[in-house]
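Right, one structure below, let's go through it.
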Amino acid sequence: MAKNVVVIGAQWGDEGKGKIVDWLAEEAGGVVRFQGGHNAGHTLVVGGKKTILRLIPSGILHESLDCFIGSGVVVSPEALLGEIDELNAAGVKNVEGRLKIAPTCPLILPYHIALDQAREASRGKGKIGTTGRGIGPAYEDKVARRAIRAADLLHPEKLREKLDAVLAYYNVQLQHLHNAEPVKAEDVMAVIEKVAPRIAPMITDVSRVLNEKNKNGEKLLFEGAQGALLDIDYGTYPFVTSSNCLAGAASAGAGVGPQMLDYVLGIVKAYTTRVGSGPFPTELFDEVGAGLAERGHEFGSVTGRARRCGWFDAAALKRSIQINGISGMCITKLDVMDGVETINICVGYELPDGGKTDILPCGSDAVETCKPIYETMEGWKESTFGIKNYEELPDNAKAYLKRIEEVCGAPVAIVSTGPDREETIVLHHPFA
C-alpha cells in the first residue's frame, strides 16, 4: 500500500493550500477534493503564471495526473464547467478526460443561490458572511435527503420529478419568508440540460477508483478546503462553513477507509487571517495589521473580500492540531513577516472568570470573550523571500519557527517563502 497525505487548512482558511497541493502532486497518482464547494479559491503560481481553482483539485496542472471530486463536495455544474473552460483556454491538456466526479455529489442549482442570497440579505447586521454561492442550502438538502445529485443528470425524467418537489419547498421560503422572486422549474431545467452532456462523462465511482489506485501502490493526495477553525462542528459556530473541514472528513468525503490516511499536513500562515464575521482574538487594527494585509495581498481570490489580519495564534492552532491529528505543519507566507520589528505570538487566553487556557475554546460565544496572552519575540529585517534552504533563513526567523513548534506541539515540515511552487523549504517530505 502506498503512503497517502491529507492537506488541510489549520486556521480560518486562506492559508495557501493550493500551492502546497500543487507541489506535492508531483509525487501523487491522484488528487482528491473531499469537501466544500466553489466558495473559496486555491491560488497556484507556476513559473510566475497564476491560476485560481475553486472546485477542481489543485493537481490538475500536472498534465498526466487524475483528479477527483468526492461525494463530500457540493458541485455547481456551471462553476465547474466555467473553471474547465478557463483551464482549457490556458492550455492545460485533457482536463475533462482526467477529472472524475462522484455520482453522489450534491449539485448546487439556481434555487440554492437564490435562497442563500435572500437569507443573507434578510439578516441585516446579523450576517454570517456567506459567499452567497449556494453552498449552505446545498448541504442542507443533502442532510434533509432532498438533494439532486450528479447521478441524477443521467436520468432527466426522474430528475424533473425531484426538482418539482424541491422547488415547492424553496419557493415557499423565497416568497413568504424573504419576499423574493420564486425560481421556475423551466429555468433550472434549462441549466441542467445545458450542463448535463459535458458533466455526465466525468461521473465515476470515485471511491472504487481511489481504493484501486491505492491497492496498486499509487500515492493519493487529499485536498481540503477552507480551514479547521471554520469546521461546522469544531469551528467558531455559527461563523463557520457548512461542511466538515477536518482531516477525518477525507475518509467519508472521498470514500476511503481511515486507515488510508497516513500523514496529515496542516497548512499554517505565519500570521493569522480571517474573512467575514466571527471572533478573532489576535486581530490587529493598527499599522502592523495593515502592513501584513498589504504585503500578503490579503484579499479573497474568489470573493475579493479583504481579510482581517492578526498575530500568530498558537492557542487556536493547538486546537486544530488536536482535532486533525496533524503530523506536520507547513508554514506559509513567512516572507510577509520580513521587517516586522517586534512579533507577538498568542500562547493562551485570559477568560472572563480570571482563569487562563492554552487552547481555543469551542464556539464563537466562548471565543468572543477570550483576551490573548502574548509572548514577544524580535523580528528580522533580512528578506526571506524565495529562500529554499533552511540554514539560509535569518536566525530570528528560525527562532520564530522553533517557538511555534514548541508552543503548538507539532513539527514544522515545510516552509513556504513565496507564491511560486519552487519557493519552498522542505524539512520533512510528507510522502517520505
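Just so you know, glycine gets a Cβ as well, placed from its N, Cα and C.
Fair warning: this is a prediction, and the values are worked out from it, not measured in the lab.
Cross-referencing T204, T241, T282 with the IMP binding residues that Swiss-Prot gives (D14, E15, G16, K17, N39, A40, G41, H42, T131, R145, Q226, R305) picks out T241. Counting only residues at least six positions away in the same chain, the Cβ atoms of G9, G13, Q35, G36, N39, A40, T241, S243, C245 sit under 8 Å from the Cβ of Q226 (IMP binding site). Taking the C-alpha positions, the distance from R307 (substrate binding site) to D14 (active site, proton acceptor) comes to 9 Å. Using a 10 angstroms CA-CA radius around K19 (GTP binding site), none of the binding-site residues in G41, T131, R305, A306 qualify.
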